[in-house]
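Taken from TrEMBL, the feature active site, proton acceptor applies to Asp223. Residues or ranges marked as ATP binding site by TrEMBL: Gly104, Arg167, Gly168, Gly192, Asp193, Gly194, Thr195. Positions annotated as Mg(2+) binding site by TrEMBL: Asp193. Taken from TrEMBL, the feature compositional bias 'Basic and acidic residues' covers 459-468, 481-493. Annotation source TrEMBL lists domain 'Phosphofructokinase' at 97-403. As annotated by TrEMBL, region 'Disordered' applies to 455-493. TrEMBL lists Gly194 with the feature site 'Important for substrate specificity'.
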Amino acid sequence: MASSSEDGDSKMKIVHGAAGYILEDVPHFTDYIPDLPTYPNPLRSNPAYSVVKQYFVHMDDTVPQKVVVHKDGPRGVHFRRAGPRQKVYFKSDDVRACIVTCGGLCPGLNTVIREIVCGLSYMYGVNKVLGIDGGYRGFYSKNTVTLTPKVVNDIHKRGGTILGTSRGGHDTGKIVDSIQDRGINQVYIIGGDGTQRGASVIYEEVKRRGLKVVIAGIPKTIDNDIPVIDKSFGFDTAVEEAQRAINAAHVEAESVENGIGVVKLMGRFSGFIAMYATLASRDVDCCLIPESSFYLEGKCGLFEFIEKRLQENGHMVIVIAEGAGQELFTEHLQDMNQKDASGNKLLQDVGLWISHSIKDHFARTNKMAITLKYIDPTYMIRAIPSNASDNVYCTLLAQSAVHGAMAGYTGFTSGLVNGRQTYIPFNRIIERQNKVVITDRMWARLLSSTNQPSFLNPKDVEEAKKTELPSQLLEENNCNNHDEAHKSGKKAE
């Protein structure tokens, strides 16, 4: 028999079941507003879904966070499965929804906007949807845009966001006041970890005021650095577009003697785009990411590897993520205190720096004459429309968020976990950044593919094994911590 408890530190609803089952649940209106009426789901009479067998999701359906388990191990952490419910907590005519996009651009933003609008309209008969212009500050400083299926019909074919976006501008009181004044009762917030952190604060204020307002997040980051979810939308498109830059660098490099092509890709703190683009390309000789330190001079350093590869092949291609090698900048070149409006540390241009360093090294040592070409496709990659794979993914994310909102869930992020759409509590999305695990198999596959050195000495490897995140096996310590918290809760009762 399952039992539930409130995790005081994370403010999550934790449900414990047999065999080490743990459900990290998301909030619901009924948690703080009693005796709310429910209504039959309009999808019951929607002809598009009349042929679907068991279309409504069972209330007890959950999705495991970890797919690899041991025979006698605990079942581990689960999340509530996304999808339509038998009962909804809104009449279609009463819904007044709004959509806002925050942070940097990412392929797929317009697709998500389109599918939220069309999902609300075609599935639930909602005809009042507003777009908030210009990010969080648009709630209280800019006009809204009326969104209808006709308005958003072909926006998925364009890059960027039709609503505009910005960093910063989060003022919780002003935002919630605006939501109340406009009579909005469903808020869809599309953005990265900083945006979702803001959404979490908005939810807490909405709950404190006792408002029947859904706060639903859709995770967005081109770097794929949001934890828990399988991947973020736009990532596949970014990796695909990066191939064009890598191919151009390869053509330039192999067309001259001792040619070097350097490509800088996005990835402030997580090197997923660089890693996957390298694996997909097969033309890359060296991939440098923030998670794996490297050095230039000395035995087995980058310069020595470049010399060796040029001697072997006559050319080479280097892919470097924007956050890699930041620790190698001298202090007078790097002001660690500079930040953007979202609070992100401003980084030095590592692509230009590594290019100049390589040129200076070969000019200084006079070992061989090189020709180096530097390509930075950063804004080209994030400004394009999403590809077919991401378009499908954006549709699933948007429709899942709409189903959850209509069913009365709030304070959640819609995300893909082990191939299934789920509702994830905000705090799990914002608790840390997802990073490449350099002691995991995927990074080993890259090293095998490029045949590059790891630039790590044995001591570094041992240290990485101690500090890296757990693998895809069930996190037994995490389960034990939940059990301890549950026991403490029982004692307190």
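Even glycines carry a Cβ here, placed using N, Cα and C.
Unlike curated records, TrEMBL annotations are generated automatically.
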Cβ-based isolation winner (fewest other Cβ atoms within 10 Å) among the binding-site residues Gly104, Gly168: Gly168
Residues that sit under 8 angstroms from Thr195 (ATP binding site) by C-beta distance, when 6+ apart in the chain: Cys102, Gly103, Tyr136, Ile189, Gly217, Lys220
Whole-number Å value of the largest CA-CA distance among Gly104, Arg167, Gly168, Gly192, Asp193, Gly194, Thr195, listed as ATP-binding: 12
Cβ-based isolation winner (fewest other Cβ atoms within 10 Å) among the recorded positions Asp193, Asp223: Asp193
Inter-residue C-alpha distance, Asp223 (active site, proton acceptor) and Gly168 (ATP binding site) (nearest angstrom): 19
Overall pLDDT of the domain 'Phosphofructokinase' (97-403), taken as the mean: 92
